[in-house]
Amino acid sequence: MRFHGTMRVNEAGHLEIGGCDAVDLAERFGTPLYVMDEEAFTRRAREVTEAFQAAYPGEAHVVYAGKAFLTVGFARLVEAEGLFLDVASGGELYTARVAGFPPERLVVHGNNKSHEELEMALAAGAGRLVVDNLSEVERIARLVGGRGAATRLLLRVRPGIGVHTHDHMRTGQEDSKFGFSPDEAREAAARLRAVPGVELVGLHAHLGSQIAEPGPYELLGARMVEWLRDVAGVYGRPLTELDLGGGWAVPYTEQDPAPPVRLWAEAVSRGVLAAAGRLGMRAPRLLVEPGRLLASEAGTTLYRVGAVKEIPGTRTYAVTDGGLYESLRVALYGAAYEGILANRANEPVHPMPSGSGHPAARLPVRVVGKNCESGDILVDGLELPPIAPGDLLAVPVTGAYHYAMASNYNRLPRPAVVLVRDGAADLLVGRETYEDLVRHDRIPAWLAAPAAVAPGEGVSSPP
Ligand SMILES: Cc1ncc(COP(=O)(O)O)c(C=O)c1O
Ligand SMILES: N[C@@H](CCCC[NH3+])C(=O)O
């Protein structure tokens, strides 16, 4: 298994993250437990920032995509790193506001922003609003009148560029629910010319997620510069910003490609600079929006094994206290993960049988959870030392799109999230309780009230 961030095996043979013994963390905070490694996040944030500063001669900003993982405490960390923050809903925006995140560094997304969400963003003085469609243009036009400073807008476009990734993670193709076509973008720019209180500053595009090839980013950079000039022509003023989204891939397992961040930064930069040079334009201000790249390797989930079942000749099931309620990506995308026994991290893993049928040979382990679904798989085909109830299993690379996509399916309380650093551990999110689960439940009046008709009343007796 690949080790990530500050992970190591300590003298007790336990997995350690951020200087904290995983066995102690599980005892102190319970399981399942999401552990976020602060140093892994900050290292990545700096690596990405430096890669773009080195590759791009103009102004460049890294905008952390909060959909990957966002809590009030985590927003503070994003702030402290000097990053911008992409929020894609009223809830994400609210979280940022509660954290005191500087509004001028917020980039507000959403493909169907409600009136209230737009109000909230404008009232907060959010630095940038990324507009998705013509109805939103009209809604903004109605809302902005009379406000002080002009709100900076970018138009999200569908660049029509395909990428190699899971079908559900592609967003930059023509057939997509996100953003404007080039013609619609021109129409939006023409409309916005007449709207006071807003300033159209540029364009946005996001190709999709978990993309390990630089080619499409170079193409994107070049195409977007051309469109920037085109749309600026309609708007009648220069457009100076390009936000080219996120999506750069991370390795989840040893088999996955681990493309250096530098390749992404260089590809984007090459595309933008070549087109700008060709068209005689100044290099635009560049924004990029990585989510998974910054958060995923910082996260590890700890599970307690409650039962072990062997299906002779097939596999071993390790049943944990997790499930797809807190780890949805396997069920949703067929995602692959690795794992390690956190309480016996230095025990050797013997190779699995290669069809020898040797009775001593161990079977691959399928780690599953508590949800009532056969697709409730957390890790499949794991090679582990002999596993037993009570063992603590650690699954790394779960910092992005795990807590963020967790639910209460089967009325399971969502796990706690703990931040670790230099031997200290403290909560980012407390564990949900059963009381939390029923907090919004109500009993409709007719179920609570006594029966409206007493038995026998109004019913004539049979003759
Ligand atoms: C507009 C936008 N920006 C950024 C991201 C972040 O993507 P990733 O976490 O793959 O970097 C997403 C999610 O796919 C997105 O929709
Ligand atoms: N949720 C995703 C991908 C989509 C990201 C947001 N557009 C994942 O887990 O990988």
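Cβ coordinates come from backbone N, Cα and C, glycine included.
Predicted automatically and left uncurated, TrEMBL annotations should be read as such.
According to TrEMBL, the protein carries these features:
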- 48-295: domain 'Orn/DAP/Arg decarboxylase 2 N-terminal' (DOMAIN)
- Lys67: N6-(pyridoxal phosphate)lysine (MOD_RES)
- Gly247, Glu289, Pro290, Gly291, Arg292, Tyr401: pyridoxal 5'-phosphate binding site (BINDING)
- Arg292, Arg329, Tyr333, Glu373, Tyr401: substrate binding site (BINDING)
- Cys372: active site, proton donor (ACT_SITE)
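Within the set of recorded positions Lys67, Arg329, Tyr333, the entry lying nearest in space to Gly247 (pyridoxal 5'-phosphate binding site) is Lys67 (CA atoms). Among the recorded positions listed here, namely Pro290, Cys372, Tyr401, Tyr401 has its C-alpha nearest to that of Arg329 (substrate binding site). It is Tyr401 that, of the binding-site residues Tyr333, Tyr401, has its Cβ surrounded by the most other Cβ atoms within 10 Å. All chains included, 27 other C-beta atoms sit within 10 angstroms of the C-beta of Pro290 (pyridoxal 5'-phosphate binding site). Binding of pyridoxal 5'-phosphate is attributed in the record to Gly247, Glu289, Pro290, Gly291, Arg292, Tyr401, and the widest Cα separation among these residues amounts to 15 Å. Note: the CA-CA distance between Cys372 (active site, proton donor) and Tyr333 (substrate binding site) rounds to 19 Å.
Counting other Cβ atoms within 10 Å of each Cβ, the lowest count among the binding-site residues Glu289, Glu373 belongs to Glu373. Using CA atoms as reference points, the recorded positions Lys67, Tyr333, Glu373 were checked against Gly291 (pyridoxal 5'-phosphate binding site), and the closest is Lys67.
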